[in-house]
Amino acid sequence: MAGGIPQLCRTEWLLAARTRQAARSGPRCHAGHQGLAASQTGAMTMTALQDMAKAQLVLPAPAKLNLMLHILGRRPDGYHELQTLFQFLDYGDELGFTVRQDGEICLQTDVPGVPYDSNLIVKAARALQKQSGCTLGMDIWLEKRLPMGGGIGGGSSDAATTLLALNHLWQLGWDEDRLAQLGLTLGADIPVFVRGHAAFAEGVGEILTPVDPEEPWYLVLVPQVAVSTAEIFSDPLLTRDTPPIKVRPVPKGNSRNDCKAVVERRYPEVRNALNLLGNFTEAKLTGTGSCVFGAFPNKAEADKVSALLAETLTGFVAKGSNISMLHRKLQIL
């Protein structure tokens, strides 16, 4: 940039009056390094939810499923080469966004135990702010519905929604390629949420080929345990030599999850959920878990099984979707 002066967002002068009022009623912040704020106010109160409803933009952060997950080997950098099939669910977290004039990134969330600076939402917002040179800030509200450590992409999806929302509200004009590349620096699953189309993924999950598998209804069960991805991928008994498969046709028969055996051995709660759901349909593990899922031809059948298992396990029923509900919402803005 000429003279090293950061480029101002094109919306800055348009939003001044509106965002001064929003900043006064939004999440509390304190001044951070170079004008950035660091604040996390804890549980979402009724007032906070009402504030979120008044946000300039409210967007979903959809869950994802890994319909299959094959591990091909370990790379020299310690990461694993894999092949996986991502599909979205019409269910997820919800985030609200209102532009601030003071450059602060302020988050209000009901997620306990996550340090502010480690939150992927905050990291995504700060990364985009830094890379774009934008001097505006953002009030962000998060209503958390997806379980942490569940393997359904909650944190990555929240980060992707944040990147897309800020790009829109700050009018940066970044395309999906650029946003996905920035997202990849924060997490391997973020690019698929940025792009918003079901995909066959390779590499560490960042090489994406759009696909269109069937879109059934799913019952997702949520065992009351958080699985450590690092623990699973470091297990000496993890399968790491699965032969690669071709992206087309969309994998069906050869659709196992190479992490399943290790997760079942280490986490009896997940093994129990797989066994219970397996009485009604093929039960699968998504990612490294802990969530397990099964496909059903219609909502009524999924709801029926959900009701039968409700006393034993919590869960939810959702429609599979090859276009994420986030992108469907963005298309009508």
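Each residue, glycine too, has its Cβ placed from N, Cα and C.
Automated prediction, rather than curation, is the source of TrEMBL annotations.
The following features are taken from TrEMBL:
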type	residues	note
ACT_SITE	LYS64	active site
ACT_SITE	ASP189	active site
BINDING	PRO147, MET148, GLY149, GLY150, GLY151, ILE152, GLY153, GLY154, GLY155, SER156, SER157	ATP binding site
DOMAIN	119-196	domain 'GHMP kinase N-terminal'
DOMAIN	257-307	domain 'GHMP kinase C-terminal'
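The predicted model assigns the domain 'GHMP kinase N-terminal' (119-196) a mean pLDDT of 97. Highest Cβ count within 10 Å among the binding-site residues PRO147, GLY151: GLY151. LYS64 (active site) has its Cα within 10 Å of the Cα of none of the binding-site residues PRO147, GLY149, GLY155.
GLY149 (ATP binding site) sits 14 Å from ASP189 (active site), taking the CA atoms of both as reference points. Cβ neighbours of ASP189 (active site) (same chain, under 8 Å, six or more residues apart in sequence): LYS64, GLY153, SER156, GLY205. Counting residue by residue with DSSP, the domain 'GHMP kinase C-terminal' (257-307) contains 26 helix, 8 strand, 17 coil.
The record gives PRO147, MET148, GLY149, GLY150, GLY151, ILE152, GLY153, GLY154, GLY155, SER156, SER157 for ATP. Within 8 Å of the mean position of their Cβ atoms, the other Cβ atoms in that chain belong to ALA63, LEU146. In the shown protein chains, 28 other C-beta atoms lie within 10 A of the C-beta of SER157 (ATP binding site). Minimal Cβ crowding within 10 Å, among the binding-site residues GLY149, GLY153, GLY155, is found at GLY149. Shown for the domain 'GHMP kinase N-terminal' (119-196): DSSP residue counts in helix, strand and coil, namely 44 helix, 7 strand, 27 coil.
DSSP assigns LYS64 (active site) to a strand in the three-state reduction.
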